[in-house]
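Copied over from Swiss-Prot, here are the features:
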type	residues	note
BINDING	F48, I49, V50, I51, H52, Y110, R114, T251	substrate binding site
BINDING	H237	heme binding site
Amino acid sequence: MKENEKIIMEKGIHTDFKENMTYGEYLQLDSLLSSQKRLSDHHDEMLFIVIHQASELWMKLILHELYAAIESIKQDKLQPAFKMLARVSKIQSQIIQSWDILATLTPSEYIEFRDSLGQASGFQSYQYRMIEYALGYKTPHALKIYEKDPELHARLHTALHAPSLYDVAIQALVKEGFPIHKDVLNRDITQPYEEDATVEAAWLEVYADVKKYWNLYQLAEKLIDIEDWLQQWRFRHMKTVERIIGHKMGTGGSSGVSYLKRVLDQRFFPELWNVRTKL
């Protein structure tokens, strides 16, 4: 037996899987790897599909971690939440790199299969919408996009009505004794969050006395990390779109780059940014 064959067939490596689960079976690779179905015969459409499917898988993990972190904070278990939120940031950094790969798609290549997309657009990504909802950017009007699928629409409806990460972070301030205005605590959580002076004052006190409020300070910084990464993702999205289609209208009907530039101004945790100026 050749030396390289000896390495591959090292003693103890399992080779008989007639009655045992394989790696491919555990990951359901047959199903996963058969889901890349091009609607054109253009070579580069495969790149487009794989990039977006991979991003959706990462977003599934982001939601898994965000929901667990929200429940953990509700139960006053901040330390486990820190680990989950730190993982979200790492996932975000990974997704951002995918834009570098998609940017290898030139305008001439994309135009060859763009019409195959019809009105399908990343704007319709329900997982991205759920991430926005989980972070507190609620857009009730967007639910109409998902009416085609009643089960999916119900999931989005549930996500819209659930407390966001920032909602439970503000509740953590209340539990620590900070006086948060009742309008914030009793607000309609299906609507976008609007910044509040009492919330800002609370975070300002947290940042002014880090030792006393260490856990709240750590929570605040984890939130800033997530929003920072999300804004970087949005910027790379906008520049990649501009690089590939310029200022054409998006397939989903948006104004394309102009819309993506406006989105950059959306904030999830406004008071946490404001305190940096006031410290």
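For all residues, glycine too, the Cβ spot is worked out from N, Cα and C.
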Alpha-carbon distance [the residue listed as 'heme binding site'; I49 (substrate binding site)] in Å: 16
Maximal Cα-Cα distance (Å) across residues annotated as binding substrate, namely F48, I49, V50, I51, H52, Y110, R114, T251: 18
The residue listed as 'heme binding site' and F48 (substrate binding site), distance between Cα atoms, whole Å: 14
H52 (substrate binding site) and H237 (heme binding site), distance between Cα atoms, whole Å: 12
Three-state secondary structure, which DSSP defines for T251 (substrate binding site): coil
